[in-house]
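Per TrEMBL, these features apply:
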- 103-124: transmembrane segment (TRANSMEM)
- 310-328: transmembrane segment (TRANSMEM)
- 349-366: transmembrane segment (TRANSMEM)
- 411-431: transmembrane segment (TRANSMEM)
- 451-469: transmembrane segment (TRANSMEM)
- 490-510: transmembrane segment (TRANSMEM)
- 516-532: transmembrane segment (TRANSMEM)
- 544-563: transmembrane segment (TRANSMEM)
- 663-819: domain 'Fungal lipase-type' (DOMAIN)
Amino acid sequence: MSWLRTLWQTESQPIAYAHAEDLTDDESSSALLAAHREKENSFRLTLAQTSEYASSELFRDNFEIQKRISRTFEHKKKGHMSESSDDNSIRPKIRLETLSSTLATSIVWIAYFAFVFALLLPYFQSEGYLLETTAFPGDICNKPTIWKSDQDLVPCIRIDTQHGNAIWSARVHDVLWYGGSINLHIEYDQVKMLAQRPTQVVDSEPFRWKSTTVLDFDWTLYDLIDGGVNKKKQVASEFNQTAWVRCFAKSGCQDTKLIEFPHESLNSESNGRKSYFIQVRFHGRYPNLISSPVIYKLSYPKASAIISELIIRAIFLAITILALPCWLRSVLRFSGAWSALLSAQRWTLFLGVVLLCWQNPIALIIESGYSTSPRTRELSECCQAFAEACFFVGWLHLVDHQSGKTIQKSLFGIILFIITSCMALPGLYITTTSVHTFGILFQNAFVMLEFFRLTMLLYWVFWAVQLSWTSASYLKSLSYMSTRYQQLSYRFLALESILILSYVFVMTIFRCWSLFQIWFLIGYDAFLQNAIENFLRLDIGQPSLGKFIFLSVYVYLLLYVHLPPICPTNGRMSRAASIQIREEKQFAHSSIARSQSFCIETAVWLLELSWQAYFDSPGQPSESGYGEVNLEPYGFELIAQLRNSAVDTHVLIAYNANMNRLVVAFRGTSSRQNWKSNLRFHQTVLWIKSMRANRRDDCKRRLKRILSKIPLFDMALPRVHSGFWRAYMTVRSDLKRVVRLLLDEHPGVSTYVTGHSMGGTLAILAAYDFTVDFAIAVEMYNFGGPRVGNPSFARDYNRHVPNSYRVVMDGDIVPGVPKFWGLYQHVGTEVALDLEGNLIVDPSFIEKKLQVGSKHKLATHPSRVYRSALALCFDKLVSENP
């Protein structure tokens with residue numbers, strides 16, 4: 001094997017320091033002393049046994065733990081076992097810090113799915129899904145007195161020319177006691193005349209009405225006793241009602257709500273299904289003057305829908321009642337005292353209590369039919385208004401991490417509560433069609449309060465955005481790792497706030513726009529009536545089921561992520577989320593110990609070897625090389641340096657005899673040929689396993705090759721970037737020959753594969769190839785490497801090479817490519833690094849999207865940036881853990 005070797009005389013032991021050659025003598029001595037101190041282990045006692053977050057900052061208490069363990073061991077030997085105190089200053093403080101990336105991502109998506117469900121639920125509660133609808137004819141009666149008959153009543157309208165009225169009457173059966181409504185349906189193409197008070201509008205704008213008609217009417221509802229017409233009892237009535245029939249130029253006439261049966265009127269006497277007699281008396285104009293035929297639609301909720309909604313609300317209420325004490329107990333046990341609770345936890349608990357009020361147990365009692373007294377309804381509305389105001393205040397405090405303007409926030413909540421209560425309490429005795437029973441002064445005051453309330457909601461949206469922006473600037477000025485619980489809490493709230501702020505803003509603007517549109521197109525009277533109707537329909541009583549579920553789920557998620565962190569019960573570290581500062585010297589030759597975690601010291605010297613891969617062997621310069629390679633400072637000897645001029649692939653093979661380590665380092669992009677390889681984005685099927693198959697697998701291999709030509713099966717096979725695969729294939733044969741010789745010569749050698757940029761992708765292919773062909777354990781560290789293969793390849797790779805780490809600099813554009821959706825997927829565990837030396841292993845969706853900058857910068861990709869940041873991280877942790 002001498003013909004492949006270039007021997008280098010190593011005079012010193014390996015230096016576990018990032019830039020030893022750049023240090024002064026004193027600094028080098030300090031580094032060497034730090035590197036050869038007593039044997040060390042990195043512990044993560046606050047992590048659970050799942051794939052979780054890990055960060056370099058969280059291991060600053062490592063030596064305190066070591067000291068406590070040492071003291072405990074000494075006391076145990078002497079027979080004096082003492083309990084050591086726990087250091088609460090550095091360990092994770094909320095569960096969001098210790099959640100796995102998959103679980104954290106799932107939590108975010110649960111909130112978004114709940115939001116979409118809340119938006120779609122009104123559609124499913126519409127006609128044909130959760131509503132029963134019965135159509136009644138509105139034709140003119142053949143006999144003037146048919147509506148007085150005791151026989152089967154045929155719905156029709158009787159014209160009373162003497163008094164100038166038209167009376168429509170109908171008998172309905174099996175109506176659920178939870179209420180309903182009657183809508184007037186008119187086909188626009190059957191419109192035969194306009195009313196005497198129409199509003200003509202230009203037809204050029206499709207959102208405007210071509211005509212409107214005003215109908216004045218009274219209505220009365222009777223409870224039929226024993227199903228007869230003569231034996232009836234009046235249960236509800238409204239007088240001096242007004243309805244606006246609006247017809248669009250292109251889409252036809254809207255269904256107009258004539259009657260909305262109040263729940264309490266139908267509920268007060270009996271439960272279950274009933275039969276009713278309905279009478280509508282039109283004054284002057286009546287629908288048959290507009291169109292023929294006329295249809296009256298009676299809509300009321302299905303029994304299954306009502307019962308299901310009550311059960312769902314009761315279940316969520318029970319969950320809240322049970323969860324809040326358990327949550328508080330868990331947090332207090334972890335913190336030790338109420339004063340030790342985090343500010344975010346206190347306000348999260350506040351929102352939990354507010355949610356309990358907002359779920360409104362009193363309203364649930366009313367809806368169940370146990371109480372319909374006016375005092376109970378008033379208490380229910382006050383509870384609802386109080387919870388709404390407190391929610392807005394609590395949210396402002398949650399997003400404000402500087403905790404300022406407490407008085408202003410409280411004053412905002414008090415004013416909002418007073419306004420909502422002043423509108424809600426009179427609104428209990430107004431139906432959507434009884435506006436004219438109140439004076440014009442009351443109507444104007446009611447509408448003014450409504451618009452003042454909507455203005456406060458818009459102000460709240462802008463205030464929350466301003467506080468979020470201020471908090472973001474404040475948190476950016478702090479060290480990320482030392483305030484990680486605050487950073488993650490804020491970022492989670494930022495992702496979720498998008499939903500709530502957008503919903504409140506859009507709905508408020510839409511309500512204002514639709515009301516002012518009515519004022520402009522029809523008139524002020526219609527504006528008043530619609531404004532009051534809008535508030536009564538949307539803001540009085542229980543919130544919609546969709547909004548109820550969304551806000552409940554949202555607060556539950558907030559409570560969950562602000563629970564105390566998950567702690568292991570058996571004292572073992574979490575494998576995937578653990579991190580080490582220094583290598584475990586006592587297990588240097590054991591691959592089992594090495595595979596437990598990401599090691600910063602290992603990453604430092606592997607990055608240096610990746611940097612050395614850009615240099616050439618002595619006397620063999622290349623156009624893309626930076627000079628002559630020098631591995632002596634790192635304790636390695638150069639075994640071979642392979643190259644291929646066609647695609648300019650370079651690979652460095654080095655061996656450390658003292659540590660029995662073999663390193664294969666690939667050169668990254670540094671020439672035109674490399675860029676040509678990078679731009680070959682199309683994929684090719686990976687046949688590494690088939691290449692080593694024997695004759696018995698020949699048929700299977702042929703079948704796979706046939707299936708690879710079928711597009712559907714082709715995508716299911718492991719596929720990789722064709723340019724990277726071609727670049728690797730040019731050196732594959734010689735590389736595997738050299739590695740095979742080294743494995744035979746040095747049994748038990750620890751094998752590492754590394755590379756920067758394009759070299760990182762070749763390192764992935766080599767690690768996979770070595771593991772499959774040589775059946776050895778390989779550790780892969782790459783730096784700033786792009787994606788290599790499809791999801792099928794990623795799954796197969798992760799199964800064969802579990803100890804793979806991709807170090808990604810914050811903002812680096814290269815790891816974000818190729819971006820073809822579904823065609824490329826990263827392998828291994830991501831390690832996020834920033835310029836300040838902060839490091840996160842396996843960042844979650846939240847940290848990837850909000851802490852890690854968007855990948856659009858080339859300036860953060862060069863290896864010198866990675867070397868500087870990683871060395872800074874290592875130096876900082878070593879200095880803080882002497």
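Heads up, the Cβ atoms here are built off N, Cα and C, so glycines get one too.
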Point to revise | Region pair the transmembrane segment (451-469) / the transmembrane segment (349-366), three or more CB pairs under 8 Å | key: no
**Study point:** Stretch contact, the transmembrane segment (490-510) with the transmembrane segment (544-563), Cβ-Cβ under 8 Å, 3+ pairs
**Key:** yes
Exercise for review: Check the transmembrane segment (103-124) against each of 310-328, 349-366, 544-563 and return whichever range has the most CB pairs under 8 Å.
Suggested key: 544-563
Point to revise | Best-contacting stretch, by C-beta pairs under 8 Å, relative to the transmembrane segment (349-366) and drawn from 310-328, 516-532, 544-563 | key: 310-328
Practice item. Kindly state the mean pLDDT of the domain 'Fungal lipase-type' (663-819) in the predicted structure. Key: 83
